[in-house]
Every structure is written in C-alpha cells, then in structure tokens.
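Colleague: To start, I am sharing the structure in question, which I have written as structure tokens.
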Amino acid sequence: MSKFLVFGHQNPDTDAIASSYGWAHLEREVFGRDAEAVVLGTPNEETAFALDYFGVTAPRVVESAKAEGVSQVILTDHNEFQQSIADIKEVEVAAVIDHHRVANFETANPLYMRLEPVGSASSIVYRAFKENGVIPPKEVAGLLLSGLISDTLLLKSPTTHVTDPQVAAELAEIAGVNLEEYGLALLKAGTNLASKSAEELIDIDAKTFGLNGNDVRVAQVNTVDIAEVLERQAEIEAAMTAASVANGYSDFVLMITDIVNSNSEILALGSNMDKVEAAFNFKLENNHAFLAGAVSRKKQVVPQLTDAFNA
C-alpha cells in the first residue's frame, strides 16, 4: 500500500499542524493506511509551545511530495493550490479536510472532501475520531485542542461555530488541561514578536489569495500591544515591499491583531489600496487604519477583500 503524506498549508499555524497530525493518526490507527504528518515550514512559537507541552516531536519539514517518493497526499486546513506544497499539481490529492473557502482547486480523480464551516480543521478531525468510536490519545487531543484555541482565539473569534465550545471542553478533558489556563498560555506564547525580524514577522502566518487576477498576500500577527508593533512600521513595510517584489504580490495586507481587546490594525501596501479601503470602509493614514472587532482573516478580511477586488 502506498504511503500518504498529510500536511497543512505553507507557513503552518497551529491548526495546520495539529489537524494534519491528528488526521495522520486516524489514517494509521483507524483506517489502517500508511500516513505520515509532515509540515511545509518550521512551526511557529505558539505551535512549538503546544508540541513541547504535550511531548510531541515536530513533524519533519518537506518541500516536495515527489521527492519523498509519494504519489498521494492529504490536505488539511487548506485547499487552494497556491497555499500548498510546491509540486501539488504533480501528485494526487486523495482527501481534503478543511474549514475555508474552496478556490483554485481541481483534481483529475474523485476524492474524499470534508469541508465544514467550523472554527478549525482540528474540530473536524476530532469529530471524525468520535464518529469512528475512537478517543484520541492525550497528546493528539492536546494538539487538536491547541489548533481550535489558536484559530478561534480561545473561542472568541466570530469564526467559532456553535459546536466548538463542546469540542473544546471534550478535548480539554481528554488532554487533562484547564481550557482557559492552557488556552491563555498558548496564545501568549504566540505573541513574542520582539525576537522576530521584520521578514520573519510578516511570514509567521501568511497566505496568498488570488483575487480577480491579483495575488494578494494577507498576513496576520497576534500581539498584546499594537502600538509596539507599529514602532517597527518602517522595517515591516520594507519587508512587505521586498516580499511583494520577489513574489509578484500586487498587494500586501498585514493584520496586527490585539488578542486581548479583539481588534486589529491593518497595515497595507500595494497597487490596489483603493480596493483595500473600500473593503473595510476606512481611510488608510500612513498606510494603516484601525479595524474594530476584527480578529479573523478568514471571516473579517478575506471575504471583504474578495468583494472589493471583484467589484
């Protein structure tokens, strides 16, 4: 039987790594298939905290599926090809487990797709465990809980589904942690930005979206002090510009999210700033503007940008 590689998106966040780790376990232990969870980039500090807390060795980083000798892959926490492994079009996508929009995606063969509008891909993976009558091991439950906490900012994001609090409670019990205490510690681990270069900062959690012929890069960083991040605006803008030139982005939008007060500052550069301003009904001043109540790229930024670019 051929081996499957299971992975989340480029610039992996906690949910991308947790969901792929959990699904690979399900493939091996429940479905009896050879599957390995791998990652498309080095885990960030938040994810590293979760891995260390639950005693899990970080999955190895891969750059090419074909180079690994596999012909089939399973995607978690993404489906858009530009967010996936470099040679995604050269292998068969056997399954997708995701909670995002479907775009820039097609396959030659039928596949298993599980798409749910829930707070995290990890939520879907846990549901699959339950449906198969299996309780995930403590470390798997801990990672899945971490993925859900990360993506929903401890269930405060508008992306939180009505079923997610129960999922979180059950996973916390299996993992043996206090949901609030562990959740705050996890999120705090992801806000250490001072040690990051500007280039690293804008790449911590970044995705490219094809919007009406434009490649728009949308990145997000979590902080407890937006002003502290903006003190580095000049070097951050230089990094955004360099990344846009190197990769052909028409626009670069950075969400600087205050996880305590649930607001964001939008810092944006590019050739379509009129569309960015129209998307959020604000005026950029010195390339940035405040976006009250915004914490979710998926629900409060990308759909609005999509509408504005297609207008």
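Start at 1 and count along the chain as shown; that gives each residue its number.
Cβ from N, Cα, C; glycine included.
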Colleague: Swiss-Prot has H9, D13 down as binding Mn(2+) 1; which of D77, D87, D98 does it also list for that site?
Modeller: D77
Colleague: Can you find which of H99, H288 Swiss-Prot lists as binding Mn(2+) 2 at the same site as D15, D77, D151?
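Modeller: That Mn(2+) 2 site, as Swiss-Prot gives it, pairs D15, D77, D151 with H99.
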Colleague: List the binding-site residues among H9, D13, D77 whose C-alpha is within 10 Å of the C-alpha of H99 (Mn(2+) 2 binding site), in sequence order, or say none.
Modeller: D77
Colleague: Which state, by DSSP, holds D151 (Mn(2+) 2 binding site): helix, strand or coil?
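Modeller: DSSP call for D151 (Mn(2+) 2 binding site): helix.
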Colleague: Could you work out which of the binding-site residues (D13, D15, D77, D151) has its C-beta surrounded by the smallest number of other C-beta atoms within 10 A?
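Modeller: Among the binding-site residues D13, D15, D77, D151, the lowest count of other Cβ atoms within 10 Å belongs to D13.
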Colleague: To the nearest whole angstrom, state the Cα distance for the pair D15 (Mn(2+) 2 binding site) and H9 (Mn(2+) 1 binding site).
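Modeller: Just about 10 Å between their Cα atoms.
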Colleague: Is H99 (Mn(2+) 2 binding site) helix, strand or coil when read with DSSP?
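Modeller: For H99 (Mn(2+) 2 binding site) - judged by DSSP and reduced to three states - the answer is coil.
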Colleague: How far is it from D13 (Mn(2+) 1 binding site) to D151 (Mn(2+) 2 binding site), counting Cα to Cα, in Å?
Modeller: 9
